[in-house]
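A.B. asks: Before I ask anything, here is the structure I am working with.
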């Protein structure tokens with residue numbers, strides 16, 4: 001359970017809950033100092049807090065979920081990897097002249113199974129974020145991802161990707177080095193691999209930059225994560241000609257896990273601990289680990305041909321049209 | 001008034017009457033002004049030159065019907081999946097409802113969505129051709145564009161055809177949200193199967209080719225051609241300028257820039273495109289059999305070269 005002691009980065013909608021939790025702590029302390037039994041009142045208040053928590057987290061708007069998905073304390077790719085794997089060895093470099101810190105990966109062991117894990121990596125603080133380019137990968141990052149996935153395929157290790165990026169890096173150098181080509185190439189190659197591929201949107205799934213490591217046998221997504229065709233801010237600027245219409249765009253674009261499950265884009269929604277993954281990272285990691293293992297077990301039952309075939313058919317049916 | 005002024009005035013008035021006439025004729029569609037160099041050309045001459053300015057070589061925009069006429073031998077075009085139409089799956093409304101936008105654009109262009117697909121002969125060579133149309137919501141890629149291109153590529157794979165896609169698109173269509181983004185993956189998957197069958201795929205990048213189209217099928221060609229001075233890129237120029245707060249060089253994200261950085265094979269003027277494609281397709285007809293066997297020979301229909309098992 002989260003405490004109120006130090007809660008930096010408090011989101012607006014978390015405030016009433018946080019205040020109530022602070023009051024409960026206060027009463028508890030006072031009662032202890034004065035030797036009064038207030039357990040009855042505290043139980044009542046805690047029940048009220050639970051109710052409030054359920055209310056708040058079950059009625060989040062898309063733009064509030066976007067805030068949660070971008071929460072600075074939300075567990076990142078490396079947090080999850082370290083929490084769910086027994087062994088982890090990070091590998092570096094795209095073998096083409098760069099090593100992108102915004103996209104990390106390596107070999108690991110998950111419940112005894114050797115796997116390759118990779119994903120976008122946001123920073124934990126401002127300095128780290130600058131080094132990680134806020135999780136916006138460069139062409140070298142996508143090429144490193146491809147190299148690691150080829151490695152996985154070569155050694156018959158499942159590929160687990162973790163998606164958490166506002167989008168691929170939009171800069172002069174990224175264009176020069178072929179950002180579009182790097183992503184495109186991954187999209188095609190990921191249909192080719194024999195080994196099982198699981199893709200999990202852990203935070204922010206931003207556009208082509210997310211999809212560049214997002215073609216798999218199963219697409220999983222955390223309850224409060226988002227996955228968008230373009231950031232709501234960019235979409236608002238283009239379609240509404242007003243970047244401040246971001247919340248409206250967030251609602252219109254259908255970016256939440258529930259919406260995407262309905263649209264046939266996701267396979268599984270991973271529930272988050274009651275206050276969101278940032279309030280209980282280890283709880284979230286346990287949920288992720290179980291889901292990954294059970295999906296892998298299912299996929300091990302298929303032949304490589306079946307996996308490739310089903311992977312294609314899965315994406316093949318995405319889209320809605322008449323005729 | 002000096003004699004000199006009189007001459008000057010006379011020249012000025014002549015110029016304005018000329019301009020007035022020109023504007024009238026432009027309105028009638030007889031003349032077209034090149035947006036690049038300003039030279040007026042007789043529209044019929046311009047069309048005969050494939051909408052390429054004879055003076056400065058500027059490539060003006062052409063719609064998908066015109067493209068098909070330019071590339072496919074007369075009377076050989078067979079459209080595919082013309083019946084596919086977009087729907088408003090997200091109930092999307094920005095400043096205008098997506099439903100209304102679809103209807104208006106369909107009425108204006110006579111198209112159901114932003115791509116035409118089909119088969120035909122290109123200088124006698126059978127091809128599967130997809131042509132994007134920028135007039136339809138900026139050539140944006142939603143479910144219909146994805147589905148039609150996917151079916152085209154699958155048909156090409158099945159029939160052993162070269163696939164050519166003329167790209168012209170601002171990227172994924174936001175009004176269909178994530179359904180649009182997923183078309184990138186879907187088309188790339190179809191291209192992987194086409195590739196496994198050792199068949200040729202050539203995207204032709206025309207102005208503009210950006211966003212999700214660049215980050216998928218535009219960059220997946222076995223060979224990639226581009227028209228001169230087309231804008232080709234992943235992120236929009238304005239987005240980059242805003243993030244970096246600096247002006248970008250003029251040639252940034254042009255065909256020439258991509259050629260220089262190794263991402264396209266050649267820049268081909270529109271007037272040479274058909275000839276070039278024909279040459280490239282014919283040079284890629286397998287001469288040595290892909291699979292050793294008595295019936296594998298370059299003069300055999302392409303299908304027989306695909307392994308039968």
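From the backbone N, Cα and C atoms, a Cβ is placed for every residue, glycine too.
The Zn(2+) binding site annotation in TrEMBL covers B:34, B:37, B:53, B:56. Marked as domain 'CoA carboxyltransferase N-terminal' by TrEMBL: B:30-299. Marked as zinc finger by TrEMBL: B:34-56.
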A.B. asks: Restricting to the same chain and to sequence separations of six or more, state which residues have a Cβ under 8 Å from that of residue B:34 (Zn(2+) binding site).
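C.D. replies: Listed in sequence order, they are B:40, B:41, B:53, B:55, B:56, B:58, B:60.
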A.B. asks: Sort out the sequence-distant neighbours of residue B:37 (Zn(2+) binding site) for me: same chain, 6+ apart, CB within less than 8 Å of its CB, listed by position.
C.D. replies: B:53, B:55, B:56, B:58
A.B. asks: Let me know the most crowded of the binding-site residues, choosing from B:53, B:56 and counting other Cβ atoms within 10 Å.
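C.D. replies: Within the set of binding-site residues, the most crowded position is B:53.
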A.B. asks: For the recorded Zn(2+) site, whose residues are B:34, B:37, B:53, B:56, find every other residue on that chain with a C-beta no more than 8 angstroms from the centre of their C-beta atoms, and list them by sequence position.
C.D. replies: B:35, B:36, B:38, B:39, B:54, B:55, B:57, B:58
A.B. asks: Tell me whether residue B:56 (Zn(2+) binding site) sits in a helix, a strand or coil according to DSSP.
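C.D. replies: Its secondary structure by DSSP: coil.
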